[in-house]
Amino acid sequence: MANGAATLFGFLALASMVKLGFVAGGGHDYAMALRKSILYFEAQRSGVLPPNQRVSWRASSGLFDGKANGVDLVGGYYDAGDNVKFGLPMAFTVTMMSWSILEYGKQMAAAGELRNAMDAVKWGTDYFIKAHPEPDVLYGEVGDGDTDHSCWQRPEDMTTSRQAFRVDPQHPGSDLAAETAAAMAAASIVFRGTYPGYANLLLVHSKQLFEFADKYRGKYDASITVARNYYGSFSGYGDELLWAAAWLFEATEDRSYLEYLAGNGEALGGTGWSINQFGWDVKYPGVQVLAAKFLLQGRAGDHAAALQRYRQNAEFFVCSCVGKGAVNVARTPGGMMYHQRWNNLQFVTSASFLLTVYADFAAISGRGAVRCPAGAAQPFDILKFVKSQVNYILGDNPRGTSYMVGYGASYPRQVHHRGASIVSIKRDPSFVSCQEGYSSWYGRQAGNPNLLDGAVVGGPDEYDDFADERDNYEQTEAATYNNAPLLGVLARLAASCGGLKEEEYEQETATPVVNRTSSSSSASSLRATTAIAIEQNVTRTWARRRRTYYRYAVTVTNRSRRKTVRELHLSVSGLRGRLWGLEEARYGYVPPRWLPALRPGRSLRFVYVQPASTPANVWVTGYKLV
């Protein structure tokens, strides 16, 4: 039971007494990195800056936000290098900062950073209270990316539109409202022990927002269309509804929220999605780890079977990240997890956090190793992999570059950030116009005049290459959601002085689970999930230019007797030829638009050509069963 932040702070500290021990050592100052990571959030503040503001080159900004809409929306965070306040990534940022504190607050306190971390959370939740003036109204954006991106100005000089956009019953936004509910529920636990009145207020808002999100369903970017090109909701709202329910259960112990989580796992995708990417858009792995935590803590009650299905997907995520899954996250030659060129490090930091807490959950509960298709993943080994990812960010990479600004001797100097790249208004109060910012500051070859201390930038590409150039926004722009998950991981490593020691582990033998849909020794293969079966067959072979080509027909069948499969997402790896019959999407492939659902017993078919006898690996990334 969640009895306050103080109780939770001590909970995971017990890990060192269960299966994991620590020794001094390690080549990085994780406590310093933690301090800088938290400091970065002060550079992202909007609104009236407090007297104890430590980032001295910033000044108050956005002081009339919301005025045109008749509401006070002063405050909050700018998401990245621009001057827009986007509600969805801001809420995810606050959720992850809160979770970091709840799991590793004791370690943050030991590093002298707990108060600063809590202040960072409160800066966000104070804004969310303002943004939620009525039970069924939530303001989800101030400013818009289109006008903002035509301008290069300090936030203190902003002349761009500060129009505010909202969701309400006529213009729903379940994903935005539910993520904000999750943030306020998680934060309420953070403040329960020190600020109980404020914690209760956050819970009131969280419950109202969850009810609003669930009752009036719809994607927020269909209502706030200006967000679509910047923070589009590709995964839909099912993950956020489950995410909010999980956090409300954690905050209240009200079992109706656990019943919601267990009862809607199929319909909202929580037990259907197996994905190895976690971030501001897709929350399924986070939900699955929380559900697994409830199960491992013995809090599942009558819902153990449902939570076990969540846990299986959580362990798919763990195995895939550490390289022991049937389908694994790609890595660069230098060892960094790699998903995409644009801001790849957001996924490295978020995955590192989930891996850290899952390893500690497994150790504390006595669960021990995670059973993966390629062998057992011991908690110690998971944490060792996390440490390698953090060390990569801090400079242990082929370039010898720290991707945390201000940490180490070599780090990005031309960060894509309006405020950091223009002389501080405190040093030169002369007004900088939109175009003057571009002509005089954006194109400068020199480093930024202001240090964006602690910011984690987008990072290198799949070959570990990185260009420190201000216009290279895919790699040099930082974001709040890059840093937020890292707080907990750095606190964990700082408490161990960077050294991990393997204690006596009970070695568990894991029975390999064949997770491929095909085998090189057979022309036909079959794989079934709970509701979906995938079958591959070679239907034709031919030779051309001394190579043999194989045509594979793939049949995806809804095995459920009563329920319909919707929002089906498939992934295909090891494909070396062309594919027909599916459409590419953000998360793999989806059926053609004319086939939005698979009714009970119905099938989808597609084909691909492979210039080898080894078939591609086809698996279900996610689906909803309704």
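Each residue, glycine too, has its Cβ placed from N, Cα and C.
Just so you know, TrEMBL annotations are computer predictions that nobody has curated.
According to TrEMBL, the feature signal peptide maps to 1-25. Residues annotated as active site in TrEMBL: HIS416, ASP468, GLU477. Sequence annotations record features per position, and here TrEMBL assigns domain 'Carbohydrate binding' to 532-613.
Between HIS416 (active site) and ASP468 (active site), the C-alpha separation comes to 9 Å. Remark: ASP468 (active site) has PRO412, ARG413, GLN414, THR476 as non-local neighbours, by Cβ distance under 8 Å and separation of at least 6 in sequence. In the shown protein chains, 25 other C-beta atoms lie within 10 A of the C-beta of HIS416 (active site). Cβ neighbour count for GLU477 (active site) (all protein chains, 10 Å cutoff from its Cβ): 22. Note on the domain 'Carbohydrate binding' (532-613): its mean pLDDT in the predicted model is 84. For the domain 'Carbohydrate binding' (532-613), residue counts in helix, strand and coil come to 0 helix, 52 strand, 30 coil, using DSSP.
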